[in-house]
Protein chains: 2
Amino acid sequence: MLSSQNDASTDNVATFGHWAELLALYFDPEETRLDTLLGKIKEIVESNEVRRLPKIPKGTRDFGKEQMAIREHAFSVITSVFKRHGAVSLDTPVFELRETLMGKYGEDSKLIYDLADQGGELCSLRYDLTVPFARYLAMNNINSLKRYQIAKVYRRDNPSKGRYREFYQCDLDVAGQCEVMEADFEVLKVLTELLDELNIGDYEIKLNHRKLLDGMLEICGVSSEKFRTVCSSIDKLDKQSFEQVKKELVEEKGLAVETAEKIGTFVKKRGPPLEILSELKGSGSSFLGNSGSVLALNELEILFNALEKSKCLEKIVFDLSLARGLDYYTGAIFEAVFKGSTQVGSIAAGGRYDNLVGMFSGKQVPAVGVSLGIERVFTIMEQLEKEKNKVIRATETQVLVAILGKDLLLAAELVSELWKVEVKAEFGLNKRVRNHIDRAVESGIPWVVFVGESELNSGFLKLKNIESHQEEMIPRERFAEELQKRLNMV
Amino acid sequence: MLSSQNDASTDNVATFGHWAELLALYFDPEETRLDTLLGKIKEIVESNEVRRLPKIPKGTRDFGKEQMAIREHAFSVITSVFKRHGAVSLDTPVFELRETLMGKYGEDSKLIYDLADQGGELCSLRYDLTVPFARYLAMNNINSLKRYQIAKVYRRDNPSKGRYREFYQCDLDVAGQCEVMEADFEVLKVLTELLDELNIGDYEIKLNHRKLLDGMLEICGVSSEKFRTVCSSIDKLDKQSFEQVKKELVEEKGLAVETAEKIGTFVKKRGPPLEILSELKGSGSSFLGNSGSVLALNELEILFNALEKSKCLEKIVFDLSLARGLDYYTGAIFEAVFKGSTQVGSIAAGGRYDNLVGMFSGKQVPAVGVSLGIERVFTIMEQLEKEKNKVIRATETQVLVAILGKDLLLAAELVSELWKVEVKAEFGLNKRVRNHIDRAVESGIPWVVFVGESELNSGFLKLKNIESHQEEMIPRERFAEELQKRLNMV
């Protein structure tokens, strides 16, 4: 029971079960004291087991070395797109004052992680990167900024396959006064570049406009104080049927059945942006009498034309059922989803939020942003790497200094000469040649320098190229230089 | 009072003060009702102000664009050192199960940030990167790993100048069975490379050994159950006088005065490693009769010789007063400090911890690691950049597409051609040439392409180099290609 290995501890439970069965044979089946005793022993065995296996919090995960290599590749693709558009980097604390997050996330606020009250301020883990960005602008009185941030956010959601409580977001936000749709265009363009260059499959970007949505609800007869909560229901249409959503609208949100049905006719509209737009702007369209909707349609017309000029409009689908759950959006809203047989949910989302900064400072700074939820991207990339059957190198080591013995001082002297000239090198102390070669092969290290007694006496070291199997002798005093040559470093 | 600017709101308080003074002139000084009224108004003005200024939690901070540029430079130096030594990257969650952190940090456990109990598991923010690393090894049954991790850790310390509650650590840890001092040597070598290559000033690395320290306490007559708590006191010697520490040892830790004084004679010993070592190993040394101390001295001899072969022993100071507060160290321990007039405290620290992984899994995996506290490095680097009077570019933008008007569609078309061939480009919509040039100069953008009506009619665009002031006309249909040439991209 005090066995030190995890495997052994699992065995303990099995062994106990077997032992209990045997023991039962010797006892009267009516005798309950045995059961009580066995129950207690079982508890102890299992609790030992639990104590010995450390765990990670539910909904979180570690990234090991191969996963990190993939993740770093994805981040470098994403960062290069952001930098191509002249965005600057910003970092904010992982927790914010609780008051900063309150009133920004609608019904999802219940998912915010709070820090314990240990005296001092009340804080919560960030729920997204948008609110901290707005807080940063307001706090520092900044009126204009195009920034990106790649960082983890936290949501006390029910963990499920591919859904985590801690996950990365990659955000680009453009804040500041500019021409109509100037920033909206660029943010959407960036999103298409991100998804294209990550190269993980076909996708579409659903797009709508909050003012068009509000206009639609007004036309359907919904009172304005219910706009946001009705939007939360409509937003579920990508996962639920209209019948389910209608039930929620009528029974929970208190809409009249005919109002809900009228909404139903509108939210079915989706298709190529310019087609749907011309339908909604066409004569007889009920939107023409609603000033908010007209404004939204005019903005969308500019946006669609700019995206067409930029050759990425074919990725956009104008979708009147897209509502987005968050409270703070005020203009264009969008959400990217993978196309294909499996419904994998949204991979990126964003929109315009002109009032959020003002909620902090009283001074309006219009802004628009997109957030890429990168976790699914990692999963897909890992899958693709596996399919390619390519070994992912977790290190970049170029040379293994293989000491055929235990002489640490010799190893220290030789390998330090390599490190000094920035050769990536590891060393090993082992008298068996095979052991060093296995290590090099396993880690994909291309060169091995063998250092045994004969090498030291001759003043030459044996250099082996793992891929070509070629070996040569190089002078001890010039060995770092010779390796640099072979690595094209000089 | 509803003024929307922060500046204005500060003005409000000043204006109110002035206004109150003027008003007072018209009233009887004996009349208290005016004071009451003014007091109430003052309260309202100030509370408005407080509400309008969002705050960041105490002890945390944002990193703006120039700071991020410096920080990213520091991280790239650090990462390249880690990779040069064949270390792999690991990422773990920002919070761990509370039980994972318990019993690892001695008296500092009170500084751990807890998450609120919102149902489910009890979690705490990580306090360092070492315990999560050990948890990772134990959980995944990994016996050998050289990993680095650059991530934030959390401590509910009293925030002071240069001391934060959220800060980065850059850790390298080497876990696994190997030859005596093999991993300890490499970790210390890495530390000297990090501090050398960050190039921020002279430093020294204080070094001691937990078993030598325990032997010393044994020789002084301290009972073994007091070793750790006495170490916590000794560890304060870099900030407090021996008299203060002695007082703590006697009054709080219950040592006899003569025991404390005997400790005092030992902890004064510090100096060049091989000198101090030969003193402690010399005939008549009280350490020779203590088996733990002899083991420690033999290990240190190997370590010092390896560091000498590696040409970095001159950075090490053997210091018997170094104790380190953490519970989990079992062998060599060390701490790097900047040299110079100002005492800035430790910048990096580490040591061997052979039992930590076993605390989780029951299976011992020996390990040694170092943690670089990077925050002070950032501050010093920022200071150095300021002294150099160099403007730090926050973006890498190469071209500004300057539309002399408001035509977003034209901008979208042109700038997309640049993005497509990976030119880093921004665009601007403004009819004034000056405005575009100012923007390019301010952001350090080297090239501006002007697009006005005359340019469009002629089929040529005007290209300006900001540094040389040279202008030339380039054909519209080949403008992306021409820019790539000038940027040496083709």
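Placed from the backbone N, Cα and C atoms, the Cβ positions cover glycine too.
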_Candidate sharing the L-histidine site with A:D128, A:L129, A:T130, A:Q169, A:D173, A:R324, A:Y328, A:Y329 (per TrEMBL), from A:R155, A:R156, A:R163_ = A:R155
*Look up A:R324 (L-histidine binding site) in the DSSP assignment and report helix, strand or coil.*
coil
_Taking only the residues in the domain 'Aminoacyl-transfer RNA synthetases class-II family profile' (A:35-381), give me the average pLDDT of this model._
91
_Helix, strand or coil by DSSP: which one applies to A:Y329 (L-histidine binding site)?_
coil
